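Everything on this sheet refers to the single structure shown next.
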There are 2 protein chains.
Amino acid sequence: MYKTILDYVRRNQLFDRGDRVIVALSGGADSVCLLVVLNEMKQEFDLALKAVHVHHGLRGEEADRDSNYAGELSEKLGVPFSCAHVDAAGYAKEHGMSVEEAGRHLRYKIFEEERLLFEGTKIAVAHHGDDQAETILYNLFRGTGLKGLGGMRPLRDRIVRPLLCVGREEILAYLSENGISYCEDSTNSETEYARNRIRKVILPQIKEQLNARAGENIIHAGLMASKADAYLEKQADSLLTNHGDLKKDKDGTVYQWGIGTELLLNEDDIIRGYVIRQMIKGVNGSMKDITMIHVESAAALLFGPAGRQIDLPGGLIAVRTGKQMWIKKKNVEDLVDNHLEVSLPNVDFSVFSYKKGMEIPKNGYTKWFDYDKIKCALSVRYRETGDYMTLAGGGRKTLKSYLIDSKVPKEERGKIPLVTEGSHVLWVIGYRISEYYKITDDTHTVIQMQLDGGKVNG
Amino acid sequence: MYKTILDYVRRNQLFDRGDRVIVALSGGADSVCLLVVLNEMKQEFDLALKAVHVHHGLRGEEADRDSNYAGELSEKLGVPFSCAHVDAAGYAKEHGMSVEEAGRHLRYKIFEEERLLFEGTKIAVAHHGDDQAETILYNLFRGTGLKGLGGMRPLRDRIVRPLLCVGREEILAYLSENGISYCEDSTNSETEYARNRIRKVILPQIKEQLNARAGENIIHAGLMASKADAYLEKQADSLLTNHGDLKKDKDGTVYQWGIGTELLLNEDDIIRGYVIRQMIKGVNGSMKDITMIHVESAAALLFGPAGRQIDLPGGLIAVRTGKQMWIKKKNVEDLVDNHLEVSLPNVDFSVFSYKKGMEIPKNGYTKWFDYDKIKCALSVRYRETGDYMTLAGGGRKTLKSYLIDSKVPKEERGKIPLVTEGSHVLWVIGYRISEYYKITDDTHTVIQMQLDGGKVNG
């Protein structure tokens, strides 16, 4: 197994000579194996290791036992060790997240702090092949593109995952062959319900009933997806480098990035999406809170008339002018090629899980919709022929007759901003939302839309 | 729902004006819906329809009832109808396939015959969104690249699938709303075990326990994979058009296709695979029996010394010469740029499912191996330093010491052809195979390797 991992590390260039590596050590089988293997690999790459254990302040004595074992093992291997105590439960409460999520946040925070203290260059974590198959299925079921289908990357943002090439069983066999003990894996009890279902029920069932090799097959398909993803990103980058218009302020911060609409329209659908994604990432600095629906909604602007825009998370907007498609920061003065009459309000989208009992906002500028009902790209625009809404009984009503019934004067009707999915109106801003998209007991995911600065009162 | 399907048909350009369409009509809900919808769509595209029912000679009266209903419905809709009788069970026996497989073969054969009779341009089949999600999972679990992750294509080789954009529930609701009856879906009982498990157990469980929208999410991820696949194919085609060396005989038949090794080595891994795949497809005429392992084995030639070759299904070989990588027909005189000393034997690979009780060939020129044990590309080559075999106990033995123990004279040792996975020797041709890859009771899939013309006797 050591050789498999060494090959994997070499092939993916996980380490450079002289790397200083923080090793995340829970004391469970996976992380124990990671530390032992990296310690063996030390000479090969001239690595300096430091093991870091995070005590979550949960599970009382059991957690103390894990901490102690992690410390003892490190000492035995001659690896410097440190243990950090955190209050996962308190942090969870404070930040309104689950204890598991809080634990993950805190762990990576500690690892990063320890890395800086240690002058470390990498952080090694113990995710293995089974975790990878589980991650790919989890992403697939929840909705993902090629990036998510690719699962975890062996190296990203200084995090390395040398064990992705081996399975849980191989790890256990290796530890038992080498007489290395470990704590019963405490992280398992920490993982959330969905992941646990996949790990304990769905994946074993698939392996047993459909294909014993399903785990590896999933990982292989994921690898193809991640290679395709990397290639498509490279193609998008090259288009942007050669044809993009990147605007930076005097500090060098990107505030606006655009590319010709003609050029984008001549590219494949999938490349258009990657170009927009790269522009968003460039202007925003990250893809935080950006979902597929944002990218698709921005891409959909290309097919509509010039002048339309949509809001994106992180205070960005996507604007289509006559000849260019722009991603820009909202607070920056409009510098795009055609001066726009942007009278449409800014609408922020955010997506989150719905839990029963959540209070649905009851005001004119924040609306919740059932995200699962949305199948196509959303637009913020004025009305067009064919627009309709869904009534309580499930029937349709044209927007025109709704506006007539609502006694909106004819000359005002064209000035009301709408959020639409094709011709289906989700929200007549300032008036009502469509029955079709309302939150029900069956809702799993909410998309919240929020008007900027209450420009319209509803 | 009609509008959803019409949008889908338009977006994917499934029909051209004046298309003449054979509609596959089992009499079950899906195909009844298909016929009704296409009949409604007739004017839109000026379609001529003909419904074709295949009676499989199975399930006695129930099948007669389905046939009758299919005929009645067609008459009611004013669509010409024909019913063909086939003997699926007999065909299955004759061709050594399952009855389901035989049924599928025969159906498509009939549809194609009917298409020719009708001067038809397309064949419409009733696969819907649930079938698509099931197909994607089925491919993912059994092992696939981006192509399989993409699932069924809406239009391929004259087969159109207009219902891929709607789910089974929508179809049933549509039929019930419109008061259209149908036969209990006879095809369900025909589908094989694995697909049935996915349809009836695994997918419903995922939807219920993990994400109600999992079906659509799987389809969406599949769509991204199929777009990426199409784009990568286009990129590979453009490389081959600009830099490939295509050799045709006087009838215009391609017998050899090559491209510069330097150029391929400079491309991304994923593009290399697509280029090789396209060359194989071009020379072979199809991708029949070509698996991922063949493509990867051919690509691996690029990283080894010049002069190596491997056999591919369909009587092809992949050869790496000094400056070119070729896919060529074996029976064609060697026309590659460097004249090669091809003294390595040709080895044909084929992959199939293992069923207990199958008789393992006991001769020197046909060997079976456990396909599931192979993780990397295979090579046919002579020995190199570091080559080893696995012994019955699981231990390793260097090839050198095996050959010494087998009393092979020193000067002969370098002349024995091997099949290898990296340094691990699967088969010392003419001698023995490695214990590691032997067929056991746990074997699911066999890779058979067969020597061409018994050049070596073992």
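Note that Cβ sites are derived from N, Cα and C of the backbone, with glycine treated the same way.
Positions annotated as transmembrane segment by TrEMBL: A:21-38. Marked as ATP binding site by TrEMBL: A:SER26, A:GLY27, A:GLY28, A:ALA29, A:ASP30, A:SER31. Under the heading domain 'Lysidine-tRNA(Ile) synthetase C-terminal', TrEMBL lists A:378-449.
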For this session: Mind checking which of A:GLY27, A:GLY28 has the fewest other CB atoms within 10 A of its CB? They're the binding-site residues.
Result: A:GLY28
Exercise. If you count Cβ atoms within 10 Å of the Cβ of A:ASP30 (ATP binding site), leaving out that atom itself, what do you get?
Worked result: 24
Exercise. Around A:SER31 (ATP binding site), how many other C-beta atoms are within 10 angstroms of its C-beta?
Worked result: 28
Seminar exercise, completed: Looking at the binding-site residues A:SER26, A:ALA29, the one with the fewest other Cβ atoms inside 10 Å is A:ALA29
